[in-house]
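Below: one structure, written as structure tokens.
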């Protein structure tokens, strides 16, 4: 079978550009209105996308006067979307640092039941220091500690999701036997961070567990992704770093004994699309003109652990020397590294860097005609930079409408993207192997080993 | 305005009788199938009930072979039901012992947005010892400690829900002002159990916060309910204890400066309804014949902290001496007290006690014609035992269908129950005052005080 392109819609308020909320073309509804998300998910489903995705933070962001803050919590939102969609995958972020494994395992297992096997979990360790203060912690744990806990967290919840055999429930009314008690097993996990007896009180879900998605790109993040991730959202300001990342992850996965096709790598793309190049460029410029440089500077500072950039001038050409050593950043380390590498290579002015980051927070941005955007997608897909894309329209819903109406048909014409859904779960659609169960009978091979 | 009867449907798998899952009239769908819950919620909405409710436990129950265990997690399920219903209230249980305040506050605020103001939170401290072992605790906290934490928990989440003023969001595209930053305030809670900086990252929801529901009936539980609860689910085996409870709660609330009508008391009623008394009796007997006495005994033992009742004979008449002192029970103390009081008064055989508990786990059970059930409801309502009922059909959906088609019209004919929904939130429907906001401008009275 030919390689298949995967497309995920990343839904972020009224669009991914930081001032999308002000743009006259963006949604009029409040970002707390279910109808906004329902309509986007239904549009993505009509276009046969693989999935939609919601990011998450467990703290309120900054720049409250200016930025469109205050959104819905993703797991309850996924519950709602599971009920009003039929086929599209539904992916939500949840934190291994600020959740209890038993609670998280139950909610994802329930969502997988509610959706008939369409759920993915974007596993994050939560980099924002403000989050710690909402959970009784004086100081945020360092990146190493967060990942150490994340490894054990994934181990525990994986055991919990493996509590029930596929055929544990008999539901035999005549005999009065509801379940095979010996096909439901306790967890009995005792580790450094967690002690969880189990069993989970939700039966095995259609996919066994949610698809594991990951977006961390630091050294720790990549090692974690190579071990666990089945789909990766990744941010690149340029194709070159996407190729390096792609190759690094697949190599690391192979070294761990995993098949490289079992990790679907989806770089973000935030494209302003117009019927001409000039029109696309105009959309982007309208957005950039609405952006405040001071807000961009404060966000840049956050990415570098609060570093002060206020002495830099907007038209000044930057070099890597203008930035602190990103390997010392404890919060959003990988994003800081990508920004520094981009500056070293492109030598942008501060204004251009801020515009680039305002577009999609460090993800790849582009302007062009549908043909040009389809070219970029095809180019990255065939040249080892991507297995598909995390589609991040700068303005929602209008720029996503253009994407589905103009770009998706081109990708179909080129034989890259599906025209219809096949039956199956999100795992099946992503080409992922079934999740093994501890109750599976050993195969011939295993028996003779 | 005349007092209005309130009706809540308590949805519990295929029915509240412990063997409902085996009965030929109960739902054929799996208890993990959204369609089962959706159809019940829609039927309750068509009958203009106030709300539907889901209980919860954060551990898998016992008797796995026999009992229908393994359900959906209630908050994700409420998300799904919010999307497919329009008017009915949606109430879910969540634990103050095993949740983080910031996570719980976000999920309920989101649900209140998703549903347009229809959410209630049944506040529990989780009595089952097995729960502690799923959250890294060697031993379950005692009832006093659980309630101490619960008080602080409700204080913290109430502050979090009060982070945003009603009019904090300006959404002024022209001026580039999304929110009034000074109408979003941090929480800065520092207590014995929690330290939470805030602010919540979800804007104020339509009801301000979920309606506070409570079901604990121990001394600690009642004191908690009198302070916080706006609706109470309560279990009684007989009308007398319901009257005592009703009067006690309303008296305690008055002593705390609350208006008694701000607590809506809803005893459970599990009625087998037939077109004749004999037919209703037949349904009940069919269920009891399917029940296993050994399972009933093990459940009774759980209610009394693992006490051994195995020496008792099924046809033996019981007295209170056959039970341990319920005031020493650390788990489900109030239920143990109710059972002991019932035994002392009624002197049932063990068989009869087990049947009574199998029916609805200690809630009031009845058999009768629609007329007889309507009589009970009216009698309790007018004689100071209830403001309405927590309807717990022994078999779902069939016995609920009979309730909506046969009993509800009688309650309407008697002028007790609504024929149409009025506009408004769940709070409005229950006759509850609006939730005050720390941003409210002081009234004339407060200013001159």
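A Cβ is built for glycine as well, from the same backbone N, Cα and C atoms used for every other residue.
B:218 is the residue from B:205, B:218, B:241, B:247 that TrEMBL records in the FMN site together with B:56, B:93, B:147. TrEMBL tags one of the stretches B:406-427, B:428-449 as region 'Disordered', and that stretch is B:428-449. Residue B:218 (FMN binding site) falls within neither a helix nor a strand when secondary structure is assigned with DSSP, and so counts as coil. Mean model confidence for the domain 'Luciferase-like' (B:25-384) is a pLDDT of 94. Sequence-distant contacts of residue B:56 (FMN binding site), defined as residues of its own chain at least six apart whose C-beta falls under 8 angstroms from its C-beta, comprise B:73, B:74, B:92, B:93, B:94, B:95, B:124.
Sequence-distant contacts of residue B:147 (FMN binding site), defined as residues of its own chain at least six apart whose C-beta falls under 8 angstroms from its C-beta, comprise B:125, B:220, B:221, B:223, B:224. Our reading of the FMN binding annotation (B:56, B:93, B:147, B:218) yields a largest Cα to Cα distance of 19 angstrom.
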